[in-house]
Amino acid sequence: MTKVLLVDDDNSLLEILRLRFQSCGYTPFAADNSQKAVSLIKSDVFDAAVFDMRLDDGKTGLELLREIKEIDSELPVIFLTAYGTIDDAVQSMKEGAFSYLTKPFDYKELIAKVEKAVQQCSFSRQLLRINAEESDSPISKTIIGKSSKTKMIRERIAIAAKSDANVFIYGESGTGKELVARMLHQSSLRSDKPFVAFNSSAIPETLMESELFGYEKGAFTGADKKKKGFFEQAQGGTVFIDEISEMPVSMQTKLLRVLENREVSPLGSEKTIKLDIRLVTASNKNLKDKIENDEFRADLFYRIHVIEIEVPALRDRREDIPLLCGHFLKKYTDRYSLGTKSFSGDAIDKMVNYDWPGNIRELQNVIECAVVLTSVGTIKGDNIKLAHESETYTQVYREAKKEFEASFLKQLMERAEGNISKASRISDIYRADLYDLLKKHSIDPADFR
């Protein structure tokens, strides 16, 4: 039974609307004033609502919208407006209304809009229900999805977290391998110790040994002070080596020795440091193929490949896409303080049916772009710009994102009084990423202290 709330102070129009919706299979509820409408929303759950923008009881449609969103934030509202209230209707879209129609309107168009609104409401309530069912599990909050493949990832993380065995994570670029590694660390007995990430493809071979193992002062030209390597920095915690397939064979030999002896010797030192770490590695390439081509050591492979967690491509778990859309939508509307936004049914369909070669990283970027550039409350299919679509739109997005980021960072620094640790906690952005963003926008935290 699909329930639609109809609110209008014109009782004759209200009766016509009631009969029209009833004939289309809906269960309509009618209210001729805002007080009655609020009372009905408090006592029942509706799938969509149709409101007149101006009511005779003195309350505007915008005021009523704000009040009912406090009661039921997921209820999609369609406004009926006369010519003189179009500006109000446009403003209502910015504040979370689903859509509006100008009077006189076409009943078929109204029914079609309500049908889309009902679909959106169903998706939103499903998302809330799944989140509520899994809210007790930190893994479920981080590794989002309802597909069997995603549930398998969560189960593997939970099992691996109980031991100290080395873990290898396999998956395409952008699937979230580092997120899985972080969740594994946070679920383990080492969660109160450091998590140190290292990307083999991002460090030149000449610097790799010193970065991983550290060095003493004077160990080489430019080593003017002692530096701890990533392994020593992670003492008691977890070292995550991403794209280990890109590590040179000569470096693989040294890494194997460290893993076998559980100790490291910094460059320029004759002393060894005993290690107490858990190693997690990841790659987007098949290491067995690399072994056959003599590009990866078989003995190192078996050392790091004790437990495997495979992260599937997004196109192979399409049923997770609506939930991920909801997650990223909330993330970016909250980050940029843009109020309530929602996806239309055609926007969700467009994202579900796309293959996402860049996986979750690409999805996240597309949603951030849509959130920043869509000025109204409902993000429609046309607002979802995929990689093969407009280059001009992408440029506009980059410029808009830059402005939003700078404004957001300044507000964040003011709230945190220039304290990076406090800002990191407030924004849920890693300290290192926060430093990078501040540097990118030439913002000095000291200016806010």
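Every residue, even glycine, has its Cβ placed from backbone N, Cα and C.
What TrEMBL lists as domain 'Response regulatory' is 3-118.
Summarising the annotation, TrEMBL assigns 4-aspartylphosphate to Asp52. Non-local neighbourhood of Asp52 (4-aspartylphosphate): Val7, Asp8, Asp9, Asp10, Gly61, Phe79, Leu80, Thr81, each in the same chain, at least six residues away, with C-beta under 8 Å from its C-beta.
Residues or ranges marked as domain 'Sigma-54 factor interaction' by TrEMBL: 143-372.
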Task: the domain 'Response regulatory' (3-118) - residue tally per DSSP class, helix then strand then coil - done: 58 helix, 26 strand, 32 coil
Task: Overall pLDDT for the domain 'Response regulatory' (3-118), taken as the rounded mean - done: 88
